[in-house]
Amino acid sequence: MDSCNCIEPQWPPDDLLMKYQYISDFFIALAYFSIPLELIYFVKKSAVFPYRWVLVQFGAFIVLCGATHLINLWTFTMHTRTVAMVMTTAKVFTAVVSCATALMLVHIIPDLLSVKTRELFLKNKAAELDREMGLIRTQEETGRHSRMLTHEIRSTLDRHTILKTTLVELGRTLALEECALWMPTRTGLELQLSYTLRQQNPVGYTVPIHLPVINQVFSSSHAVKISPKCPVARIRPAGKYMPGEVVAVRVPLLHLSNFQINDWPELSTKRYALMVLMLPSDSARQWHVHELELVEVVADQVAVALSHAAILEESMRARDLLMEQNVALDLARREAETAIRARNDFLAVMNHEMRTPMHAIIALSSLLQETELTPEQRLMVETILKSSNLLSTLINDVLDLSRLEDGSLQLDLGTFNLFAVFREVLNLIKPIASVKKLHVSLNLAPDLPEYAIGDEKRLMQTILNVVGNAVKFSKEGSISITAFVAKSELLRDSRTPEFFPVPSDNHFYLRVQVKDSGVGISPQDIPKLFTKFAQTQSTATRNSGGSGLGLAICKRFVNLMEGHIWIESEGLGKGCTAIFMVKLGIPERLNEPKLPFMPKVPTNHGPTAFPGLKVLVMDENGVSRMVTKGLLVHLGCDVTMVSSSEECLRVVSHEHKVVFMDVCVPGMDGYEVAIRINEKFTKRHERPIIVALTGNTDKVTKENCMRVGMDGIILKPVSLDKMRSVLSDLLEHRVLFEAI
Amino acid sequence: MELVQIQRRLVDYTKSLFMEGFLDAQFLQLQQLQDDSNPDFVFEVVSLFFEDSEKLLNELTIALDQPNVDFKKLDSHVHQLKGSSSSIGAQRVKNACIAFRNYCDVQNIEGCLTCLQQVKQECYLVKNKFETLFRLEQQIMASGGSVPTIELGF
């Protein structure tokens with residue numbers, strides 16, 4: 001060994017130290033070789049590692065370091081030059097790689113560090129998103145719950161069910177221990193416990209409404225946390241350590257009147273119910289915001305549902321009321337119908353009973369006319385006949401009155417002599433008036449047409465009734481009848497503002513005024529005059545008889561004639577004036593010379609009024625046939641008799657002018673025959689006139705006869721005069737339509 | 001007996017028939033139709049009626065004897081009888097027929113039988129009355145007088 005200038009003395013290699021170095025180098029080499037292997041292994045395992053080639057570099061560096069240390073093992077002992085060469089190469093390479101790695105690490109390490117920060121940042125972001133997700137989910141859940149609750153609540157319109165359901169569903173959704181509803185009492189001063197969740201039948205606890213806690217809740221539209229110790233929350237059984245939190249919310253009680261169109265209900269109702277919700281005790285749960293929101297939503301829904309329930313109750317009540325009223329009305333209607341039917345039956349029967357003696361009177365009086373009479377007697381008999389005809393008409397009209405009410409009466413229009421009507425009335429009234437020493441005067445205006453078109457019978461009846469009343473109610477003095485054509489200025493009367501007569505070319509308005517100097521009528525009785533069966537009860541009129549129907553019937557006739565009737569009087573004892581106006585037609589000039597249609601009592605009593613008229617009589621009944629034949633023979637007709645419809649059709653020819661057929665025989669169809677005759681004779685002037693003889697003139701029979709084309713109906717039994725007038729009518733006009 | 005007395009008796013008798021309701025106005029119509037060209041009109045019609053009614057009454061009796069009463073046929077016979085009686089003015093017969101028809105409508109056999117009896121009774125009565133009437137008239141004619149027209153004092 002060379003001597004050197006070292007501080008310490010040189011030291012020859014020691015075996016022990018050598019050995020330790022040897023072993024350490026060995027282990028270092030091992031470690032240096034295994035570390036890269038581990039690195040490679042684990043990096044291969046991991047999916048992502050951005051710096052692979054750095055790893056390679058590092059691995060190379062470590063490997064080379066390891067190699068160096070390994071080769072170092074050989075240098076402890078005497079070694080050859082090759083080993084020294086290898087050792088040197090290894091060291092050189094190691095040096096290169098180490099420096100390269102060191103240089104590279106300068107670039108890489110900051111990157112690696114920043115990766116770490118990014119990772120941290122992303123983790124934070126993920127946590128934040130998680131939080132938000134949680135929030136949204138809870139919100140959605142809340143929404144779902146509230147929808148479900150609403151659905152449950154609104155699925156019924158029964159108030160009780162609504163409230164119960166609300167409490168149950170809320171309890172379930174929010175896992176409540178207790179849920180209660182306090183409703184205001186009628187007085188409005190207290191809140192009463194109405195519904196609870198757990199207790200089945202809440203005892204009627206009441207709590208005054210003006211507690212500060214309650215006011216606080218009522219004044220806010222949100223759910224408010226209240227103390228578990230306040231009176232409304234103290235309904236749980238005691239003995240819990242930590243009562244759960246309590247929340248209260250107001251439920252507005254809305255009335256129908258609160259809802260305006262397009263307007264949210266105003267919350268000035270001031271009527272609230274209180275809903276109290278309690279979380280389970282000992283659970284350390286808190287009220288979350290979303291839960292409170294849910295509670296508020298539910299409270300609103302409950303308010304709406306309750307108001308709907310209230311509306312429904314109202315409408316059900318109204319409907320029940322209507323149904324009751326309907327039932328009552330129906331009953332009343334049926335009773336009225338029964339009454340009407342009873343009245344009609346009565347009228348029909350009475351009518352029949354009254355007609356029978358009437359026929360006797362008319363028949364006998366007409367027979368009496370045929371006998372030898374002195375002129376006074378003749379006059380008397382004629383008056384009797386006319387009166388009885390009028391009476392018969394009145395009887396018909398009593399039946400008509402019921403028909404008038406149904407509106408089924410029609411006027412028989414025809415041309416008639418207006419002057420003659422007034423003259424007849426005068427003649428009829430003169431005897432009675434002269435007995436009472438009343439002076440009757442008739443005044444017909446010069447411009448009144450002589451002939452008019454209207455219902456002569458009913459017009460005469462009206463005038464007669466009015467004049468008759470005048471005579472009846474006058475004890476002395478005079479009666480004046482004036483008739484004239486109403487001019488347009490006079491047509492409109494201040495008393496009858498709803499009556500607007502309009503004269504035209506074909507019509508004129510006849511105005512008749514009957515003034516008497518009798519007892520008069522007090523103003524308050526005037527409206528009652530025209531009501532049926534009502535009579536003024538003054539003593540003067542009590543024994544004047546009459547049915548009280550007269551003026552009512554007159555009014556209806558006048559109305560049918562498109563007119564108006566009224567009575568004026570200045571008071572009791574001052575007489576009265578009856579005025580009526582009716583619309584009559586003006587006949588054309590051509591019609592004037594023609595004879596009026598009304599069948600008059602013939603002045604000649606010769607039996608052969610229709611010499612040689614060929615007539616066919618069809619009647620199954622032998623006796624009836626013979627009587628009809630006798631009647632017609634007496635009138636001079638040439639009568640052929642048949643007793644069956646086949647015979648009738650065989651025999652009938654255009655020579656027969658009239659065919660009388662009995663249609664009231666069941667089983668034999670007179671209508672059928674009429675139809676066949678109509679078919680057989682196509683030309684109208686060849687066809688014989690067909691007249692039905694029947695025992696009843698009800699509507700059905702009349703309609704049937706008209707339907708088959710018959711020209712007239714006669715009611716059996718037929719008097720001689722009737723047959724005569726019927727034949728003369730038929731032959732003159734070829735149409736009759738009803739002679740009773 | 002004196003002509004005048006017989007005539008008076010006839011008049012009184014006829015009046016009584018009207019009063020009692022055996023006859024009605026239709027009979028007067030019949031009398032009106034009797035004139036010189038037709039001197040026995042009334043007699044012929046009345047006789048025809050009695051022949052007719054006898055036949056009808058027999059039919060009615062037979063019909064009501066059947067085990068199954070044919071109400072339709074019954075009704076049509078009664079209708080005929082009613083028509084005939086009303087044509088000559090036999091009022092009571094006609095009214096009895098009306099009652100009979102009502103029972104036919106409700107198919108009440110008991111009622112029908114009762115009514116049949118009544119109708120027969122009325123026919124019989126009125127037949128007697130007519131026979132008396134005609135006898136009086138014949139007496140008058142035989143004595144050379146004329147049948148007086150009824151004076152209507154009622």
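Glycine residues also receive a Cβ, built from the backbone N, Cα and C atoms like all the rest.
TrEMBL annotations:
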type     : residues                                                                       : note
BINDING  : A:ASN469, A:ALA470, A:VAL471, A:LYS472, A:ASP516, A:LYS532, A:SER547, A:LEU551 : ADP binding site
CROSSLNK : A:LYS716                                                                       : ubiquitin cross-link
DOMAIN   : A:349-588                                                                      : domain 'Histidine kinase'
DOMAIN   : A:614-731                                                                      : domain 'Response regulatory'
MOD_RES  : A:ASP662                                                                       : 4-aspartylphosphate
TRANSMEM : A:20-41                                                                        : transmembrane segment
TRANSMEM : A:53-72                                                                        : transmembrane segment
TRANSMEM : A:92-113                                                                       : transmembrane segment
Spatial separation of A:ASP516 (ADP binding site) from A:LYS716 (ubiquitin cross-link) - C-alpha basis, Å: 44
Binding-site residues: A:ALA470, A:VAL471, A:LEU551 - member with fewest neighbouring CB atoms within 10 Å: A:VAL471
Whole-number Å value for how far A:ASP662 (4-aspartylphosphate) lies from A:ALA470 (ADP binding site) (Cα to Cα): 46
Subset of A:ASN469, A:VAL471, A:LEU551, A:LYS716 (recorded positions) with C-beta under 8 Å from chain B: A:LYS716
Between A:ASP662 (4-aspartylphosphate) and A:VAL471 (ADP binding site): CA-CA distance (Å): 46
Least surrounded among the binding-site residues, given as A:ASN469, A:LYS472, A:ASP516, when other CB atoms within 10 Å are counted: A:LYS472
DSSP three-state assignment for A:ASP516 (ADP binding site): strand
Whole-number mean of pLDDT values that fall within the domain 'Response regulatory' (A:614-731): 78
Where the residue listed as '4-aspartylphosphate' falls in three-state DSSP terms: strand
Cα proximity to A:ASP662 (4-aspartylphosphate), best match among binding-site residues A:ASN469, A:LYS472, A:ASP516, A:LEU551: A:LEU551
